[in-house]
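Below is one structure, written out as C-alpha cells, with a few remarks after it.
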C-alpha cells in the first residue's frame, strides 16, 4: 500500500498499469474451460522446449514403427483436447441455462437479492462483460451493495480502464460506492487509484481531495482509520519539496490528536522523521488522545471479541458516544453499526432521528434517509420520516411525490402501514394549500389525492390483505375536517360522515360524538340534534353516554317539545338495551350451566374409570401375592439355586416334567407347571426390565443428561434403538429406559453422556422422527426444584422474516411446500407442525433469509390454492398466552400452612375442598395471656385420627353434591 503510493507519487508522468493482481482477476473472469485450454497449451510448449535441439535428429532417425507411435500419441492428445473442449461446452451450456432462469425470475420479482448476486457471479464467470455491468447497475439501483460486491466491481472496471474516459467512469463508481456504507477499504482503494492519475490535469488536487474526504469519513475509525492516515502521509512524503514538509508535519499532528490503535508507533515514527524537537502542543494533544483511547478500548475490545452482527455491543457503544456528544464520532459509530446491521429498522430510525434533531445538515440527513429506505423498504416509519425530512429541507414537489410513489410500491407487511403513509403524504399536501383562496391547483390536487387514497385502500390494499387497514375511516375523517374547518364546506363533510357511518361505524358511540363535535364547531343546532337522535337509535356499545349528551344539549338549547321527545327516545332506547342485555346474560348463564354440567359429567366418568382401574389393580396385586405364596411353598430349592431355576425354566425336558409331576402326586399336593413359552414381546420386555438393575437418579449428572420422551411404545429394545441416534453427539455412558410394572416400555428414557457439550448437541435432535413419531429431547431438570421450567425452542414474538401458513392439506409434504416457497426467496428453514403422534395439523412455519423476501412471499402466496385447499399466509406473530392468575390460597381454620413444595410443582388444584367436618375444624379459643409466653399451636383432637377412611367413590359423591 505505502510502496504503491510512494512510487506513483515520485513518477507522476507515468500511467500506472494493471499489475499481477489485476491480471489474476482477468484470468478469474475468463471461463474455466478457456483457462484449462490456455494451461494445456502452456504445458505443451514447455514440454517441446524441454526436448532440446536433439529432438529433430531423433525424429529423422526414427523407424516407421516410431512414426506410428508418434501418430498415435498425436491422436491421443487431440482426443484429450477434444474431451476438455466438450467438458467446457457442457459447463458453458449449463451456466447459460441457469443465467436464463435467473433473468426470468428477476423479471417476475426484481427484489430477489440472492438472484442478483448469483446472476452476477455466473455472468462474470462466463466473461460476459457488458451483461455483468448491466446486471450490477440494475442491482445497485434496487439495493445498496456490500463492500465485497463493490470491490469486485471496481477491480473489474479498473482492469479494463484504458484511457481518461474510463478513469472518469471508475471515479464515478467510487463515488457511488462510498455512499452505500462506510467502507475504509473502499476509501483506501479510491485514494490509491487516484494516485495513479496524478499526471493528468488537476491530478494532485484530486488525490488530496480524495484523501481528505477519506479522513473525514473514516479517519476516526479506531481500528481501520490508521491505514488511511499512513497512505496519505506516505503520498505526501514522496513529493520531495520543501513546501510539502509542512504538509507531512500537519498530517502527523492531526493523526496524533485522534485516539487510534498503535498511536505509540506513530508517535515514535514522527520523532524519528522530524528533525525538530516535539512542540508542547503536540505532546499535550497526544497525551489527551491516549487518555481518550483508554476510555474507548473496552467498547472496541467488546466488538473484537463478539461475533457479527454484534448489535448489542454497537448499541452500548452508541449510548457511550451519545453521552460524550461528539457529532463526528456519533456519526461514525452509527455508520459502523449499520455495516453489519443494515436490515435493522430501529437502528436506522435512531440514526435518522439524531440527524433530524441535532445536526440538521441537508445533504447528510437526506442521504441517510435515502439509504435507510433502500435497506429496509418494508418499514413504513422510515418512509414517513423520509417524506417529512424532504419537506423540512425544502425539496421540490415532484421529488417528494416520486418518493411517495416509491413508498407505495415498497411492499409493506401490514395494511395499516399503507394508511400511515397516505396520512403523511396527505398532511404534506394539506400544508401546501393556501386556504385563503377559494380555489387553487393545490386544493384540487389535495381533494383528488383524498379520493385516490380511498380507492387505493379499498382496491389494492383490501385485495392484498383482506382488509383496508382503516376500519375507523381515519382518512375520511381527516378529509371531512379539512372540508368543514378550512374550506367551510359542511355539505361535503356531512356526505363524508354519512359514508363513514355506512361502513360499520354507526354502532360506536365515539364515532357519533366525533361527528357531533364537528357539527357543533362548524355546523348548526339542527344538524347536531339530528346526529344525536340517530346516535341514540344506532349506538350499541355505550348508549347511556350518547343519551346523556342528547339530554344535556336539549337542557341548554332545546324547547320543551324537544326535551319531551328526547326523554321519550332515550327511555325507549335504554329499555330496549336493558332487555337485550338481560337476554344475553340469560343465554350466557345457560351456556355456563351447560359447561358446568359437562364438567360434572366428565368428573363422574373420570371417577368411575379411576375406581375401575383401582379395582383391576387390586385384583392384579392379589393374584401376584397368591403366585408368590405358591412359589414360596414349592420353590425353596429353586430360590437356593436361582441360576439353576432359570435354566430349568427354559430347557425343561418332558421326562423331567413327568418325573416332577409324579413326585408331587406322591407327596399329596398338585402343582401345575406351564412349560409353554409366553408371548415373545412381553417375555423380552419383562426379562429386559428384570435384568436391568435399578439406578437411582443422580441430580449431579443433570448437566450431562437429556430427557427423551414421546417415543413409540412399541419399541422392544429402546437402548439398542436409541444408542446409534445419540452416539453422533458424543460418548453415550448410559441409556435408562423406563418400564411399567408389567415390563412395558413407557415411551421415555434418560440418556447420559460423557461430556456436557454432547448433551447440548443432543438437544438439536428434538422433534426427530422415530418410527413415525416426533421424539422430544429436553434438558434433564428436576421439576420439583424448578416448577416453572419449560423448554420451547421457537420464538413467541413477532418475526418479520418468518411466515405462518395455515390451511394446508394434511397430505402436503415438507418438500412440496419448500418447492413452492423457494420461488419467492431463499428458504432457511421450514417446519411442518404436527401433533405428538407425528400427524400434520395443516400448519407450517417458513423462515426466509430476510424480511423483504418474507413480505414478497406473503403478497404472492396468501390465498393460494394447494390441492383444493386455500391457504392463509401471514408474518409470524404468535398471540401472547394468558398467564393464569394464581388463586388466593385459603386454608381451613386452624389448619397449618403448608409450603408450596408440599403441593407439588403445580401448586394447589383449582378446587380446594376441606373434607374435614366443621365440628372438627373448630378449636377452642386460645387462652389470653397478657404478660405470659405466646401459646403454643393447638393440637388436633385425636378424634380426627380415628375418622373412617373414605374411598374414591365417597370423594366423587361429595364433589357432585356441590
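Here the Cβ of each residue, glycine as well, is placed from N, Cα and C on the backbone.
Of all ranges given (578-585, 602-609, 642-649), Swiss-Prot attaches the label motif 'Nuclear localization signal' to 602-609. Looking up the ranges 454-487, 488-521 in Swiss-Prot, the one annotated as region 'Required for interaction with USP4' turns out to be 488-521. Checking Swiss-Prot for coiled coil across the ranges 379-438, 559-618, 739-798 points to 559-618. On a Cα basis, residue 795 (phosphoserine) lies 20 Å away from residue 852 (phosphoserine). Ranking the modified residues 216, 795, 852 by the number of CB atoms within 10 A of their own CB puts 852 at the top. Taking every recorded stretch in 243-276, 325-357, 360-392 and counting its Cβ pairs under 8 Å to the repeat 'HAT 2' (165-196), the highest total belongs to 325-357. According to DSSP, the repeat 'HAT 6' (360-392) comprises 27 helix, 0 strand, 6 coil.
Same-chain neighbours of the repeat 'HAT 7' (395-431): 111, 366, 373, 377-378, 380, 383-384, 386-388, 442, 445-446, 449-450, 453, 456-457, 460-462, 464-465, 467-470, 474-475, 478, 482, 486, 800, 851-852, 854-856, 858-859, 875, counting only residues six or more beyond its ends whose CB sits under 8 Å from a CB of the stretch. A coil conformation is recorded for residue 795 (phosphoserine) in the three-state DSSP classification, outside any helix or strand.
Sequence-distant contacts of the repeat 'HAT 9' (488-521) (same chain, six or more residues past either end, CB-CB distance under 8 Å): 471-473, 476-477, 479-481, 527-528, 531-532, 534-535, 538-543, 545-546, 549. Residue 795 (phosphoserine) sits 42 Å from residue 216 (phosphoserine), taking the CA atoms of both as reference points.
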